[in-house]
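**Student:** Pasting a structure here, questions to come.
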Amino acid sequence: MKILKKTFTDKLLLISLAVAVITLIVGRPRNSDIDWRTIGSLFALMIMVQSFQFLGVFQFIADNLTYKIVNTRLLIQILILIAFFSSMILTNDVAIITLIPLLKISIKQTKVAPELPVILLCLAANLGSILLPIGNPQNLFLFVHYNLSFINFLKMALPICLLSFILLESLTYLIKPQPLVQQKLGLNKLNSKKVWIAGISSLIVLLSILKLIPLTIGILIAIISALIISPQIFGNVDYSLLLTFICFFVAVSNISHADILVNSLKSIGNNAIEVYFSSIGLSQFLSNVPTAILFAPFTKKSYALFLGTNIGGLGTLVASLANLLAYKQYKLNFKRQNKHYLIKFTGLNVLMLLILGFLGCLLIILY
């Protein structure tokens with residue numbers, strides 16, 4: 001009952017449900033448009049993250065991180081580096097859902113407001129995931145759809161990824177360097193047997209997300225391992241996030257079948273700059289993954305669409321599903337007013353969108 005109450009009183013879920021219902025006016029959803037693979041992957045990931053949380057693994061890592069790091073700015077910079085580079089292989093979603101709980105534990109004894117570090121972690125995960133085809137869903141889709149070689153993909157991704165990294169690192173200097181409380185190592189005893197179970201299970205889950213083994217195996221392993229470690233873990237899974245994503249997919253499916261949208265995409269598909277800016281704009285409302293899927297059949301301008309959908313993940317909260325995921329993780333881990341996060345998130349994201357949007361346009365002209 002407590003889980004149901006927490007799930008169905010979530011404001012973001014209620015808003016997304018209302019949007020899904022309202023958009024039925026312009027179209028009807030198709031089951032194929034709902035990315036059940038993303039939903040299943042997210043469910044398995046959340047189980048594993050909650051397993052590590054339950055076992056005290058994040059506390060153990062945080063203690064070791066803060067043992068030699070002298071201030072909060074350096075700590076955030078290290079976490080951002082981890083998010084940026086790990087997202088290239090583990091995907092932006094995995095980086096966000098893993099590192100925000102770790103951030104919470106690392107800064108809990110400081111006076112650092114969590115909004116800026118969480119936003120920077122989200123930016124790092126989104127921008128780092130640009131480099132490789134497996135970093136995010138739109139990259140994987142475009143890589144397959146346009147039959148790109150790995151070398152050509154790297155040529156497209158490397159310049160914007162390097163520029164993003166420089167900008168991101170400069171933003172870390174907005175964080176004031178406050179001294180960290182030095183932790184004594186060895187205070188937190190881990191149940192090594194259960195940690196091994198969680199670790200091996202997480203590896204299997206990651207293999208299933210990377211499509212090296214069936215996703216159903218990954219989900220089953222996650223469920224079984226949580227039952228072995230402690231059934232209490234299931235009570236901490238954010239089910240409202242899963243339902244929010246489903247509502248979001250339904251709303252996008254409804255909108256994407258509107259004739260006026262399809263006709264507009266057809267008319268601009270031959271101009272790289274128009275494709276670029278249109279995909280950025282559309283991503284702000286539909287999210288970048290659906291935008292890539294919608295646009296691809298109507299244009300051969302793969303580089304413009306690649307840059308537009310990746311840079312378009314900046315901006316609004318719905319521009320990328322990773323943004324929504326980070327927001328939900330912020331709400332889950334930090335009991336603070338959401339408006340402070342949303343104001344800072346929008347400000348920083350719009351700033352990055354304007355700068356990278358301009359640089360992306362130059363890259364298309366020079367490409």
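Note that Cβ sites are derived from N, Cα and C of the backbone, with glycine treated the same way.
TrEMBL lists these features:
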TRANSMEM  12-27  transmembrane segment
DOMAIN    14-299  domain 'Citrate transporter-like'
TRANSMEM  39-62  transmembrane segment
TRANSMEM  74-103  transmembrane segment
TRANSMEM  156-175  transmembrane segment
TRANSMEM  196-229  transmembrane segment
TRANSMEM  241-263  transmembrane segment
TRANSMEM  275-298  transmembrane segment
TRANSMEM  304-327  transmembrane segment
TRANSMEM  348-366  transmembrane segment
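I would like each feature placed in context: is it buried or exposed, what are its neighbours, and how far apart are things?
**Tutor:** Residues 93-94, 97-98, 101-102, 105-106, 183, 188, 190-191, 194-195, 198, 201-202, 205, 208-209, 215-216, 218-219, 221-223, 225-226, 229-230, 232-234, 236-238, 241-242, 245-246, 325 of the same chain lie 6+ residues outside the transmembrane segment (39-62) yet bring a C-beta within less than 8 angstroms of a C-beta in it.
Below 8 angstroms of C-beta separation, residues 37, 40-41, 43-45, 47-48, 50-52, 54-55, 57, 90-91, 94, 134 of the same chain, each at least six residues beyond the ends of the transmembrane segment (196-229), sit close to that stretch.
If one looks beyond the transmembrane segment (241-263) by at least 6 residues along the same chain, the residues whose Cβ comes under 8 Å of a Cβ in the stretch are 7, 10, 12-13, 16-17, 19-20, 23-24, 26-30, 33-35, 38-39, 42-43, 46, 286-287, 290, 294, 318, 321, 324-325, 328.
With a threshold of 8 Å between CB atoms, the same-chain residues lying at least 6 positions outside the transmembrane segment (275-298) that come near it are 35, 136-138, 141-142, 145-146, 248, 252, 255-256, 261, 264-266, 268-269, 304-305, 307-313, 315-316, 318-321, 353, 357, 360-361, 364.
Outside the transmembrane segment (304-327), and at least 6 residues removed from its termini, the chain residues within Cβ reach (under 8 Å) are 12, 38, 42, 92-93, 96-97, 100, 118-119, 121-123, 125-126, 129-130, 136, 138-139, 142, 156-157, 160, 241, 244-245, 248, 272-273, 275-289, 291-292, 295-296, 338, 341-342, 345-346, 349-350, 352-353, 356-357, 360, 363-364.
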